[in-house]
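A.B. asks: To start, I am sharing the structure in question, which I have written as structure tokens.
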Amino acid sequence: MNAYNQEPRLLHGGDYNPDQWLDYPEILKKDLELMKEAKINTVSLGIFAWSALEPREGEFHFEWLDQIMDDVAAMGGNVILATPSGARPAWLSEKYPEVLRTNANRQKMRHGGRHNHCFSSPVYREKVALINRKLAERYGQHPAVIMWHISNEYGGDCHCEYCQANFRKWLQARYGTLEALNEAWWGPFWSHSFSDWSQVESPSPIGESAVHGLNLDWKRFVTDQTIDFFEHEIKDIRHITPDIPVTTNFMADTMDLIPFQSLNYERFAKHVDILSWDCYPAWHNDWETTADLASKVGFIDDLYRSLKDQPFLLMESTPSGVNWHPVNKTKRPGMHLLSSMQHIAHGSDSNLYFQIRKSRGSSEKFHGAVIDHDNSSDNRVFQDVKEVGALMEKIQGVKGGGKKAKVAILYDWENNWALDDAQGYAQGTKRYPQTLQEHYRYFWNQDIPVDVVTPRYDLSGYDLVVAPMLYLLSETDMRALKEYVAAGGTLVSTYITGVVNEADLTYLNGWPQALQELFGLQVKETDVYYPKDHNRIQTATGDYGVKDYAALIEVQDAEVLARYQEGFYQGEAAVTRHHFGEGDAYFIAPRTEQAFLDEFYGLRTKELHLANPLVVAGNPDVSIQSRKQAGRTYHFVMNFSEEVQEVTLAQELQDLLTGETMPKTLHLQPYQVRVLVAE
Amino acid sequence: MNAYNQEPRLLHGGDYNPDQWLDYPEILKKDLELMKEAKINTVSLGIFAWSALEPREGEFHFEWLDQIMDDVAAMGGNVILATPSGARPAWLSEKYPEVLRTNANRQKMRHGGRHNHCFSSPVYREKVALINRKLAERYGQHPAVIMWHISNEYGGDCHCEYCQANFRKWLQARYGTLEALNEAWWGPFWSHSFSDWSQVESPSPIGESAVHGLNLDWKRFVTDQTIDFFEHEIKDIRHITPDIPVTTNFMADTMDLIPFQSLNYERFAKHVDILSWDCYPAWHNDWETTADLASKVGFIDDLYRSLKDQPFLLMESTPSGVNWHPVNKTKRPGMHLLSSMQHIAHGSDSNLYFQIRKSRGSSEKFHGAVIDHDNSSDNRVFQDVKEVGALMEKIQGVKGGGKKAKVAILYDWENNWALDDAQGYAQGTKRYPQTLQEHYRYFWNQDIPVDVVTPRYDLSGYDLVVAPMLYLLSETDMRALKEYVAAGGTLVSTYITGVVNEADLTYLNGWPQALQELFGLQVKETDVYYPKDHNRIQTATGDYGVKDYAALIEVQDAEVLARYQEGFYQGEAAVTRHHFGEGDAYFIAPRTEQAFLDEFYGLRTKELHLANPLVVAGNPDVSIQSRKQAGRTYHFVMNFSEEVQEVTLAQELQDLLTGETMPKTLHLQPYQVRVLVAE
Amino acid sequence: MNAYNQEPRLLHGGDYNPDQWLDYPEILKKDLELMKEAKINTVSLGIFAWSALEPREGEFHFEWLDQIMDDVAAMGGNVILATPSGARPAWLSEKYPEVLRTNANRQKMRHGGRHNHCFSSPVYREKVALINRKLAERYGQHPAVIMWHISNEYGGDCHCEYCQANFRKWLQARYGTLEALNEAWWGPFWSHSFSDWSQVESPSPIGESAVHGLNLDWKRFVTDQTIDFFEHEIKDIRHITPDIPVTTNFMADTMDLIPFQSLNYERFAKHVDILSWDCYPAWHNDWETTADLASKVGFIDDLYRSLKDQPFLLMESTPSGVNWHPVNKTKRPGMHLLSSMQHIAHGSDSNLYFQIRKSRGSSEKFHGAVIDHDNSSDNRVFQDVKEVGALMEKIQGVKGGGKKAKVAILYDWENNWALDDAQGYAQGTKRYPQTLQEHYRYFWNQDIPVDVVTPRYDLSGYDLVVAPMLYLLSETDMRALKEYVAAGGTLVSTYITGVVNEADLTYLNGWPQALQELFGLQVKETDVYYPKDHNRIQTATGDYGVKDYAALIEVQDAEVLARYQEGFYQGEAAVTRHHFGEGDAYFIAPRTEQAFLDEFYGLRTKELHLANPLVVAGNPDVSIQSRKQAGRTYHFVMNFSEEVQEVTLAQELQDLLTGETMPKTLHLQPYQVRVLVAE
């Protein structure tokens, strides 16, 4: 029995911290009323509750949690139960300082904050195992529990002696001998060869920071050690509650909303049953359009959906604003419904919030929540949440429904690590994830579904694979790309591709032979542009600006689709196509303005018949995403703009919210979303 | 006998460091001559002189100080005698490392700099007590001594174990139980509840930094511990020299010239007999007009005057430029006289400089001084000082004279601490002190006297109280505001008011009931603007831009004076008036451009008859400030611009400098100041 | 016998690290072929090779180096043999942690990076002496060795207890008594007098940072201690190989390409036989013209040539781009030849590169190299190098040839240290080296040869000495300037001159008497400008903008050549000439726009007959530099622009590359260089 799979409803609710309000019984009572009113059916409990569960070592208090869980069960709700390791009580840090992290400067941190335990500490592992086991034993059979929420937003690293020892063990397993390590890290450079394993240490601003092989392996180790800690957390849980699926909440990074960088989620995703993530876009900001930002959200949704090839959960989001952006703006009317539906459109089976109730004190007391300090449903945010809850009930049939795309964009964590760390090119303009967002943008504009997958994914099902900037590309991955094209696929690659192998060592003897064969060309140089530098390329029909990077290529037997217009490589090939096996391999040598990508992918869309058959006349401000479940297709038509927009569909569809049948040509109000199905 | 009160002269002079020149007897001799020529009557001695007074432990040398003090006495001058704790000799740090501060990163600092002793160190307290006692015993009866200058520019904090222990004691006294502390700091959030006092520590970038209640209490503790150290410094001094008043020099902060942030001077002011401060505006800068800057100086002068409701001393200033601004420009001709007179106009009984003589080496050798390295009176700065000295003699009757205003602006240190630390709103635009400066600006432009007081001040004497952005507002202080209005007062409040209590915990159940009753409205949301966001409000007569913040309010029974013109709250109330008891409570929901404040306060000025009766036709570039003493009113008319300006007064007055009777309409040269009295 | 002097060829080649490729025999073989093809005649070996030479303590491996050296000898090449102290093996750091630096924060660094050993550590000195001796003994007689390359790019400092002790010894030697030290450092300021030598410590951000005398002496000590380490390195080498000259590679600093700041090369230059340096301009950047940047290169070339008054070596440069600029652009076609010839034109006898072969891993794998990862000569960079090699062979007669200039510009390291550290003026606009570059620019534009020398240089041979901004100017140096003018020289000085003595103590009693006599004026004040401030000066023929600084002067008996046009010193003297003895002393009181310097130096050029007799019609984008050797003059005519440029010479000359005789009027293609000689 897997309670989560049996739950027919999309999950609506989120993080709930009654442990902050145990002295306020009237608040706890009000919460239940308001949750019901807001059509909330799921709460995540126990995140950061360790000091409430075990206020002194060995002294456990579950009675408050028993009560809440029973209350939630009584209202027909679900509980996603958290392990509390994301933050520990002060007594633990005080008695066992080894649980505190040591930072890269080799400073032992003091108690404070959260997400700051050593992942190697035996004591911390013991204490975590104990409380996790108690939770599993006490609540494993509780009717409300549908899922485990392991810790919270794993991230960061520790440089203590335990971690150094584990790092050395990890390296020994990877390399076998010191000689192999010295070779992989190019040890003789600056006399960095090691003569004993004991000399190897994690990177540090006050020690080694420029051995890129070490930096890369440290990041790999941190991912593996984090997963090792996660596996330690769930060992007993799996045993005691084999039927309850396990998740942990993933994240995105920076105001650009790129995939989280500190951990390789490709590896981590294999260890969770359900992938879930926390999404906090800065809607209504003043540096990009709403559609710009929406397409970035779509990119990550598509990546995290594709990582496990199944629906994901939106584990955290805000019904209004957050408290940690430079400017913390609330959502304008309509945006909460629109942005909530977008996640479902891309494969989410939930809209969960951080947080159900705003805390009264400390650093997140101004983070958006379903229930505000006013303790009332009489405010805009609460009413927005209620509206989302109502629509989620109407479309709940979509739960579990999938998407399948004919287009894949490749994203690779290790590639980004290696490229970002590389000394070369221009630090300010590498922007690998942001470049993927630009390529993705064409398909988003055209309502063409996209999977975002890694190079290790089986590509054979795709008509088009877009793989820009694969700086680090192993020979195995090269082979996979070659086989994909040979078998009839269409591949797009760019500048800064195939430069180093998985050890961050450059390929010798020119661009890798495999790539030369695949693309029918040789890369000779990569020109790096200053911000004021300029160039243009000319295709058969257009003329487009170049920025940041331009590879200089020597065409062997590829067809030239565009040429450079300026500078010392004026007239040289800039975009090429090479027929290879049954397929085609395209190479875009410069980074261009968006308009070129629109032309280029427009042609590929036509040739490969990628266009969305539902869309007769699309609109770049309107996103249309569809999911299929139980034979029914749910079409989400979303206006990400501040103006009325029009689209024309191929058929008349029914609006699930209003029940009415819509004409083919739809007029969407600003921020309006419609969920349509065929009658 | 209080020699300072008996001194009829305004004090003119400043910090003097003969201890730097003991090997240059000709310099010491020249100093006396030049001081006389510059009409200097007061010197502050002994600041930073510890290594001259006690070059080796227990080996005291007072003979040089005896000589200087006698020389000053012989020329009829006063001495403000300093305790030397602001910087200690190297032997003290070397022998007793505990006297060195531990920084927030828990690093023990090395010897160096100044203002860097631990305030808790028993050894430091013992050594300070000893030398202070010796100074008091030796010079307590010296005829030149009129005041004690305790240490110098107190500030900063220490995180050593002594200070941690004192912090815990302070917390125990404040909260009684750990339960109360956990509740106040919202301990359960992120499992931050403590189970033992020993777990509590000061904030740290490598430990706890986001528990706002802790941060706030640490700042309170630092103020109290600094005062405790100050009280320790003066204990024996009070005993030995009960008739000599005590001061210590306060400061302002940042290039915006806002009140000093690290210490709560509201509390500190109660412990000094005379408040004095150090003022270093960047005159002639290129980012604001001279009048802009002058109004900021006026704001702090009015605050520091109001803190003790008596004249203050300008303890440090520069006759030319400083050495620590990004650009160290000297004062243009006229500015020294003008800026010196401004302080007296606002309530200063002195113009004291740092420094009488420029040092020859080390970091302040290019800080402006009365006597430059040229050792001569033949330079512009010296002549400017002399001119100030001459005018100060002519207007010395103003000494001790007061000001009383009908308008108060409320400033609250703890509010600024809490708001600045809050995670929420937009970090870049909170600017509480700068917002007060904007409100102050109207009154400064209109020559209407203003007191800047704290919410704890007795407000009953004011016709208008301006209280923007009281984010942290205790129920006691709310009550005081309510009583003030109920009794007939007029109160102005704004967005971001009444959000948290004194523990930095939010008020629950909506805007505090007391404020709802007072203003006749409920605050629903606070919209936060990106720099490029815009909105406007419309009043009966004007239309004004909105920036940064806009509260959305639900009017209960207030009168709406302006409404928003754009966005989803277009048409909603933006400015309101509520008649409450015998008075009126205004609420300005958005932050506006200055023009709205001009209209708004213009109307209040008319209704409440606040206009300055002396001014028939004012001029925003000309500031008119008046002080009364011994039945005579001294009017300072100051042109803070680079152009000739005109004002028209209600009467003909006599110019104290020239003796001539001035016509009602005055033409002031650039930077000109006139000090006028009724004949 | 000095093999280097006997080498008739200009050196072409550079850093070569076969130790990185010992497992790749085919690479090592290919390297030799490619070097021959590229006309490379010299390699620097062993830099950073310690872990290859001594992989475990006491276990030495020279066999690989034997082989390479024999191979180089066999191809007729030279070896510049390096000592390996620039980076040490991990075993050394692990076993003897004392060899690791302690940073200014008093943190012991970890192993990693390079250029990071303690200069005082007895163990490090012992280990360095041992390996250096072994190298000298083994290779001292090797026919290929022509020079020693000691360590690599010395720089940085260490604050460990060994270094503190050495610093105290150095101070005792300099000052004799603590009293003298206290006086020099102006100890009584902030009670900073010391009562025991043990209290003296190096500057630290967590200790003393604002005692400028200490900061200055620390920098002096660091230079002297670095030289002491260098002398330790070469002690046995000198003994074993007395005929092999010794060098170490100097550097430039910042993107402005100013002289390296951390070490006083004036002192260091005396200890090397040949001065060599590493030059990495950011050609083709987007913030300056190519000519702007070329003139900066010329300035440092002229400084480093003048420091030893003999040809220098360009020890490192890149044939393409580097990897550490913000934007790493490669050289456009033509630039490599042009920029290589420029160094020879200014006095270099080499073009050596970092690096012969690009490394495969770690942080410099994308730094430009002769041999790229493609392992081939079939690329643009390799062909550019080959072209340079070919031309170098044609002009090799210039080797050893000198330049002598009639114009000297004075550069002083200690002056820059003191001025940069001074708290005063405006931190952002001091820019002493950049100001020298502006003065230099006139002469560069006019093809007038310039020596850049220090104030200690014998100035008697110069017709014009340009000495701006000598903030720190000892009385000895003043005297030298006076004697120079008295004997008939022409001297140009400016604002911020003669402010402090060599202890960074200000001169008292006004501008130093010696300067008053020399310039016939007194400096009264220095006005410091905000970026938006403005003023103008008017000369007999022009009107020029003023920026940043303006000295206000009182003319005694100088002639006024220009006056200020604005502000309170409108009409006052701005530029003066004073006839002193047989010569003239000019004083430029404000910092001006470049156009004034062009007018001013244009007049001096005319009066002093400084014009280049070869140039009939010059061109600011074309630089003409000449060297004489063996009775022949080599004229380098270089177009530093992206356009065709024209110049007219006084005679028809032969192009050494093509052999053809050129007309007097030359048209140079973009980036073209011609090397011309009289037939």
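Every residue gets a Cβ built from N, Cα and C, even glycine.
Automatic, uncurated: that is what TrEMBL annotation is.
Below are the features I grabbed from TrEMBL:
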DOMAIN    A:15-394  domain 'Glycoside hydrolase family 42 N-terminal'
BINDING   A:ARG114, A:ASN152, A:TRP324  substrate binding site
BINDING   A:CYS118, A:CYS158, A:CYS160, A:CYS163  Zn(2+) binding site
ACT_SITE  A:GLU153  active site, proton donor
ACT_SITE  A:GLU316  active site, nucleophile
DOMAIN    A:405-609  domain 'Beta-galactosidase trimerisation'
DOMAIN    A:621-677  domain 'Beta-galactosidase C-terminal'
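So that I understand the layout, could you describe where these features sit and how close they are to other parts?
C.D. replies: Here the domain 'Glycoside hydrolase family 42 N-terminal' (A:15-394) has a mean pLDDT of 97 out of 100.
In the three-state DSSP reading, A:ARG114 (substrate binding site) counts as coil.
When other Cβ atoms within 10 Å of the Cβ of A:CYS158 (Zn(2+) binding site) are tallied across all protein chains shown, the result is 24.
Its Cβ taken as reference, A:GLU153 (active site, proton donor) is surrounded by 18 other Cβ atoms within 10 Å in the chains shown.
Under the three-state DSSP scheme, A:GLU316 (active site, nucleophile) falls in the strand class.
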A.B. asks: Are there binding-site residues in A:CYS118, A:ASN152, A:TRP324 whose CB lies under 8 Å from a CB of chain B, and which ones?
C.D. replies: A:TRP324
A.B. asks: Taking the Cβ of A:CYS163 (Zn(2+) binding site) as the centre, count every other Cβ atom within 10 Å, in any protein chain shown.
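C.D. replies: The Cβ of A:CYS163 (Zn(2+) binding site) has 22 Cβ neighbours within 10 Å.
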A.B. asks: Among A:ARG114, A:ASN152, A:TRP324, recorded substrate binders, what is the largest CA to CA distance in Å?
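C.D. replies: Spelled out: the longest distance between any two Cα atoms in A:ARG114, A:ASN152, A:TRP324 is 17 Å.
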A.B. asks: How many other Cβ atoms sit within 10 Å of the Cβ of A:ARG114 (substrate binding site)?
C.D. replies: 18
A.B. asks: Quick one: Cα separation, A:CYS163 (Zn(2+) binding site) versus A:ARG114 (substrate binding site), in Å?
C.D. replies: 19
A.B. asks: Spatially speaking, which of the recorded positions A:ARG114, A:ASN152, A:GLU316, A:TRP324 is closest to A:CYS158 (Zn(2+) binding site)? Use C-alpha to C-alpha, please.
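C.D. replies: Smallest Cα separation from A:CYS158 (Zn(2+) binding site) among A:ARG114, A:ASN152, A:GLU316, A:TRP324: A:ARG114.
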A.B. asks: Cβ within 8 Å of the Zn(2+) site's Cβ centroid: which residues qualify beyond A:CYS118, A:CYS158, A:CYS160, A:CYS163?
C.D. replies: A:ARG101, A:THR102, A:PHE119, A:SER120, A:SER121, A:ASP157, A:HIS159, A:GLU161, A:TYR162, A:GLN164
A.B. asks: Output, ordered by sequence, the same-chain residues six or more apart from A:GLU316 (active site, nucleophile) with a CB under 8 Å from its CB, or 'none'.
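C.D. replies: Counting only residues 6 or more apart in sequence, the Cβ neighbours of A:GLU316 (active site, nucleophile) under 8 Å are A:GLY14, A:ASP15, A:ASN249, A:TRP277, A:ASP278, A:CYS279, A:TYR280, A:LEU352, A:TYR353, A:PHE354.
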A.B. asks: Least buried of the binding-site residues A:CYS118, A:CYS160, going by other Cβ atoms within 10 Å?
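C.D. replies: With the binding-site residues A:CYS118, A:CYS160, fewest surrounding Cβ atoms within 10 Å: A:CYS160.
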A.B. asks: Restricting to the chain of A:TRP324 (substrate binding site) and a gap of 6 or more, list residues whose Cβ falls under 8 Å of its Cβ, or answer none.
C.D. replies: A:HIS367
A.B. asks: At the level of the C-alpha atoms, what whole-angstrom distance separates A:CYS160 (Zn(2+) binding site) and A:ARG114 (substrate binding site)?
C.D. replies: 18
A.B. asks: Does anything in the same chain, at least 6 positions from A:ASN152 (substrate binding site), have a Cβ under 8 Å from its Cβ, and if so what?
C.D. replies: A:ILE47, A:PHE48, A:ALA82, A:GLY86, A:ALA87, A:ARG114, A:HIS115, A:THR248, A:ASN249
A.B. asks: For A:CYS118 (Zn(2+) binding site) and A:GLU153 (active site, proton donor), determine the Cα separation and express it in whole Å.
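C.D. replies: About 15 Å separate the Cα atoms of these two residues.
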